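Accompanying notes for the structure given below.
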């Protein structure tokens, strides 16, 4: 374990970025392309859309609700073995799902087992990356999370082709093989010890401090509202297009259209987050508002050209909000509490991930169309934007900082001697 006074802003951190790139592709790239399986599951099990929506929602919720477990294990054992174990669980869940005979089996295999694996991979990797970067944190996070958009561009038509060739059971077997590469991603992670670590205390002390931290709690509420709507297009857009008499392959390809602009938005937003003075929360509010407006306009668009334009815009703005969402947290609580803070945020926002897609499916079953589903999704995003405005220094134009906004921690920081130059150099 390397010991440093502050994040190195490079070095092995770029290998962590590479690991996070492939890991985000194999977790959220798969999740965002899972709408291709949605129609197949409805037909195979003859169940309503609301019940089938619980498959992806349980997986997202378990991934986020179990994030504190991944964070605590990473604090004790380091992120490398935790992420490697998570990769095995994610692959095993997809493997067992291929033999499912009911929706309950899919809830347990994809939702619970694969979701548990994703919980052990995503949060520890992003927390490890945040500790390696300070000045270039938003850019590094944006580059890492471009794996989501690029994999969505590839996975949506790939999964549709696999379904046409091997049916949904054979396709899930191959998705299981892809997921096993998460083990290699975990092997690239190297833990980093910072001078701030002894100050913040153990997981219990960090948790108690965060639960008394007003800005952190408000930020958690904002992300929960955002998360309620974030995955709805990736679960229901293909079904919405099928309602508009689109063929299956073009409908799946439209998800790939969003994936084209998604990585552009992530990199551009990451660069802006580091270059523009002031808190990153302001950028997050901008992208969240635009995404909410775009979702509310989906029911209005009927022509293919309008739907493609909205999807390109949605891919850009939804991709852009992701890296800055993770960059806001170190500004609020500091890098020393990033494992605990990120795990707690992911756990609470899992409520939104759990309820969002089923609520959208329920509205579809009740009304017969996805109009109400997309309008309500946009409303959740706009509500999250309103909460972000209440964060400290939102209208400040000074340079961003990653120091924790905790007077106790700041006082203790002044008493911690920094390591001598050269100590722990690799």
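The backbone N, Cα and C atoms fix where each Cβ goes, and this holds for glycine too.
Bear in mind that TrEMBL entries carry predicted annotations, made automatically and left uncurated.
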Give the range, chosen from 338-359, 404-425, that TrEMBL lists as transmembrane segment. 338-359
Give the range, chosen from 44-62, 63-81, 82-100, that TrEMBL lists as transmembrane segment. 82-100
The residue range that TrEMBL labels transmembrane segment, out of 106-127, 194-215, is 106-127
Check for me, if you would, whether the transmembrane segment (12-31) reaches the transmembrane segment (139-160) - at least 3 Cβ pairs under 8 Å, residues 6 or more apart in sequence. yes
Going through 106-127, 166-189, 216-237, 338-359 one by one, which has the most CB pairs that fall under 8 Å from the transmembrane segment (306-326)? 216-237
Take every residue in the domain 'Major facilitator superfamily (MFS) profile' (13-402), average their pLDDT values, and give the whole-number result. 85
